[in-house]
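Student: Have a look at the structure that comes next, please.
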Ligand code: PMP
């Protein structure tokens with residue numbers, strides 16, 4: 001048995017201290033094939049954003065990095081349509097922003113109300129339960145939505161400190177109406193938390209005008225940055241609640257007192273090291289926010305709607321049934337179709353991946369086995385891609401019909 005032996009110069013020369021051999025992959029080049037990412041995310045990243053992410057690293061505390069973070073903050077304020085000072089990007093995926101919102105706003109023992117009409121409400125309810133909140137839910141089957149009256153009734157009954165709603169329910173393909181809900185929440189002294197991971201840039205959302213207290217999104221959907229960063233913003237009302245709490249948030253990494261200093265939002269002259277942010281991810285996020293701002297939010301919403309309508313018509317022409325019947329409630333970025341009769345959905349997806357290099361996905365959480373999901377967002381959102389997706393579906397429908405035997 002070869003063992004490491006220490007000398008005063010460190011590990012003894014000539015003695016091997018390594019017992020695990022180098023892994024075989026080091027002799028193979030990295031393999032990341034090109035795929036058309038037409039699922040619910042991540043979506044393909046445009047060359048300009050990839051190039052930004054490929055720039056040489058600078059230090060996370062360099063003044064230039066703080067300048068880039070300030071740009072990101074301005075980019076998010078535009079994308080969210082908010083003048084909130086407490087605006088930043090999380091180091092982590094959409095779930096990080098989800099946990100950050102809950103951990104900072106809610107103290108153990110407080111009540112939260114969660115609208116569940118797909119997987120995202122389920123997730124939030126689970127996270128809230130884990131951190132010791134009293135969780136109340138409003139539940140509909142995937143694709144369902146809540147009226148303002150239903151929400152008001154539940155707020156009056158449960159008196160939560162926070163109400164959660166998913167704007168773009170990517171597991172069902174639904175865009176939820178938001179108008180008036182912020183005002184109702186405030187009437188009951190409750191904060192409104194909205195998930196726009198799948199909808200930002202694709203469907204209209206106006207944080208300040210719609211009185212949303214906490215809004216978050218992800219980098220890898222219509223923003224077309226690589227996964228791994230997540231914009232979030234807190235209203236003054238939300239800041240008042242989270243900065244006057246009695247207990248410290250359960251997570252050190254996601255504590256907004258620290259993060260607001262890291263992002264230069266706390267008015268202090270100096271930023272103190274908290275964690276090392278994803279420098280390349282922030283470069284890419286800045287570029288993707290710049291593209292959205294150059295395009296213009298309204299143009300981006302209109303473009304997503306036009307392409308989605310073209311795609312929906314093509315799906316109907318193929319004899320497929322759209323899962324969300326009401327056009328106004330369909331999420332333009334992620335279209336859901338009922339699984340066609342006589343087909344195995346997993347076979348359809350595998351066929352399309354193998355023969356067309358296109359990713360579509362099945363349902364998620366409560367919608368598994370109910371539907372197929374096709375995302376055309378941001379950079380991927382154009383009629384040529386929609387036509388390619390339709391042609392792939394048409395081919396798969398011809399080839400994958402199950403035999404009746
Ligand atoms: N919310 C919604 C609506 C989503 O679509 C997703 C990602 N599919 C998330 C939250 C979670 O984001 P992430 O996978 O980046 O953690």
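Quick reminder: no glycine exception, Cβ is built from N, Cα and C everywhere.
As annotated in TrEMBL:
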DOMAIN    36-381  domain 'Aminotransferase class V'
MOD_RES   221  N6-(pyridoxal phosphate)lysine
BINDING   373  substrate binding site
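Can you tell me where each of these features sits in this structure?
Tutor: Using a 10 Å Cβ-Cβ cutoff, residue 221 (N6-(pyridoxal phosphate)lysine) registers 28 neighbours. Under the DSSP three-state reduction, residue 221 (N6-(pyridoxal phosphate)lysine) is assigned to coil, being neither helix nor strand.
Of all Cβ atoms in the protein chains displayed, 26 besides its own lie within 10 Å of the Cβ of residue 373 (substrate binding site). A strand conformation is recorded for residue 373 (substrate binding site) in the three-state DSSP classification.
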Student: I'd like to know the mean pLDDT over the domain 'Aminotransferase class V' (36-381).
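Tutor: That stretch averages a pLDDT of 98.
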Student: Whole-number Å only: compute the distance from the Cα of residue 373 (substrate binding site) to the Cα of residue 221 (N6-(pyridoxal phosphate)lysine).
Tutor: 14
